[in-house]
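Per TrEMBL, these features apply:
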TRANSMEM  C:15-35  transmembrane segment
TRANSMEM  C:41-63  transmembrane segment
TRANSMEM  C:70-88  transmembrane segment
TRANSMEM  C:94-116  transmembrane segment
TRANSMEM  C:123-145  transmembrane segment
TRANSMEM  C:165-186  transmembrane segment
TRANSMEM  C:216-234  transmembrane segment
TRANSMEM  C:254-278  transmembrane segment
TRANSMEM  C:290-316  transmembrane segment
């Protein structure tokens, strides 16, 4: 079994007195494509917020390749190799699609302090940005103002921005939320394809069980303030505890 | 510095603090509901003060009747100005970004201050205190100006009145509800625009009360609006934007601070509000009584 | 709110217009000198326009491009002004050294003040900048022995070769240099980064940006240019006064930016010039009008806020886009 | 018909969200809008209530054209809106929250007074002096319904009431919906929880990408495996 890229130990977090997590523990092996499921309000997004430094945990360790990143600043964590795409579209709306990716490419190579050289003339950045846009199928919209894109394309741009950071681990928060059925499967294939191509670790939150069980190597169920169960899709869908707490009788 | 001098300064500082509270509470109330920092609040206060002056020249100045009459008439007049401003201007920018809102109120400062100058001119004025407040009261063997003690007592009355209004009436419930979810309030059948207009008018009424009280406390001139809006800013920042209790504490800190520090530091004491404001923003940006926004 | 797709448009049309205007600006004083006293007055006015335009452009680096509303930009304008005044009057330093020192000292002040301010966002940032600038204002106001208090510092020497015309040309050249530097800045990777932060500050953190650091740097750069503008105005007036630090001075470049359009580089300079011109024009038209200048300015501002938040440049771009 | 929605088109800024949406709700019915996240259910409700007025089309409530009317006027005509995120006024006590929703009888006698509301939601009676901000999710959901109910609406728009609630609370909520229906309140519900929705509704509409894709009785929908699979991922 490969080395764990992310290891969470005894993680606890409360907001204004109400506890969201109590002693969460799990480890994600390098290169895994896995998902997190759980009822609304179980704290799936909060978990991402803790891993990426948006919130500071009350207790516990978040070890990313051996470094404890709990409480670090987001930009620091990004620098170590964790990127995320957001549940609600979260891009730079009045910049073009290309600029959205370009600014991230520049950030990834720490070139932001170049005060005088025009960013438009840097061929390598452009090539890289176009390559990423092609990967997610947005290359032909490069010069559009990103805020005017359709919802599905904005979400894909969000993923493109995350990819531009060349992360070792990518967190995707409901990548198909608000998409039509065709768009959904398109996005699922995109995610799967990227995973196979880039060979990075991916962790995503998803509500659609067909998608979850369709592409995850492993599923973790977040419920009752902790990880209720983890296992292969097959194990999870037949886990009595999970059925009671979350899936219901239907599945 | 004797202890007596200190108490004297303290009472003075407290009365200035209470005056400041009356003005600043209007500012913070309006911010709480409308989410607009009204730069022009100081100008409205100044208009109140000058209206009190004009009214006193029409009546027998220095009588209790004339004083009470201006306390009765001037604040509603200022509230009426507020009504016009809210309906014609403020209403249009609630959804705009902060900068445009601030610039709108700044434009009003330019206009209102100049209107005051055109109407009343630049000379300092004052209104004679009604004779029953003109003397002084004895306290610990010191003669304290009665009027200052009076202002000192008006502050808590206003604070209590605001508390009763906000926490013991249906209108208060509506105002406190509008702070959070104006849209939901509308969907419950409440005319939210009217709640906002009334709140704004209440804020202006408070500025008017401050103006009337100020007119007999010290000289009034074209600078008082600016002076008080900056002090109110400091008060509101210290107390936390939107918090009435915070405004009370902040007013006392600023009012007493400026007055008491004048003894050892002279005019350098005027630096105090800015220093406190900067310090609070650095250490606790959401203010002593406020809550962090996230 | 404002469409800024053409934020850095450098189309042919703009280039041609730019060259014509620049040439016109260089020729203008030579024409004006032929008109005796009136001409000299107008040279003085245009010099002030250029300086205030530079001040407004410097603010716009943080306001329009950075999305940070500062109410205390006059602090750095004032620091620049007093640096020139004190160095020349009290230390006998030459004008060029003093003018070189102004942006450096202002930049240092911006570094100190900005270090605290960039920790806050939105309204809180705005109020803290105001508090700091007023703090500085009070200090300059009270410290009579060093700054001359509310008397200001008068009688700043002027090198002989710098008549009104030459000083105009000096300011114009400096303005163009500063403009070109700022243009490079906003078009650089740094400029893109600043815009990225403006667009979505939270997201910017998650593309690995140390947001505060870039905002701080931008704040310092903007402060430095403001310092140069302050120094230039001090030398133009040959005095420095506390008004230069007052918050109402901070409002001037904001008004200029708003009137001119804050999503373009030159908009704020154009806006400031228009405002100065308008004031003088009204004064010439009728003396009574300047008495109520604040009312007129306030009304203009109201109209812009309510009906044209993109400013003059916004109107210009809209007009051309439609045609 | 108590509510008729005719070909409404709604925009958020420049983005077109609803396309020619039409629906009817009859007096005393429970009608559900089904569809995934972002399909346009909430926007439909906001358009009906006047919170996001449609650019074109008409909303007719009790025979009266209410399109473009301010929400508070629509509310006073007898429509209630229970927002998805509940929006309990956190600084107000439970009782004060109810007072805000109370419109005053205005001549006619209120069907729902405080006693009845507290009888209906005994838990709120126990909590009546607690600040709204301290309630749990389920308690907040009860309060937000109660707050609308006390304004005596003829029609309630219930936006995703089951979201984020524990199964047992959802069950209780279902009971409230059934009781309200018995009391003669018309309900337009929006839900993602298909099972819950179908259990308590008479008719259903399916919204997808801002279009109405299906309408029919619950019994019909139950049988239509194809539709269920296509739009509801069931």
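Glycine too: its Cβ is placed from the backbone N, Cα and C atoms.
Unlike curated entries, TrEMBL annotations are predicted automatically.
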Query raised in the report: Of the listed stretches C:70-88, C:123-145, C:165-186, C:254-278, which one has the most C-beta pairs under 8 A with the transmembrane segment (C:41-63)?
Result: C:254-278
Query raised in the report: Would you call the transmembrane segment (C:165-186) and the transmembrane segment (C:216-234) in contact, using three or more Cβ pairs under 8 Å, pairs 6 or more apart in sequence?
Result: yes
Query raised in the report: In terms of Cβ proximity under 8 Å, which residues at least six beyond the ends of the transmembrane segment (C:254-278) contact it?
Result: 2, 4, 7-8, 45, 48-50, 52-57, 59-60, 63-64, 69, 71, 73, 175, 179, 182-183, 186, 296-297, 300-301, 304-305, 309-316
Report summary line: Near the transmembrane segment (C:15-35) in space but 6 or more residues beyond its ends, with Cβ under 8 Å, are 42-43, 46, 164-165, 168-169, 172, 176
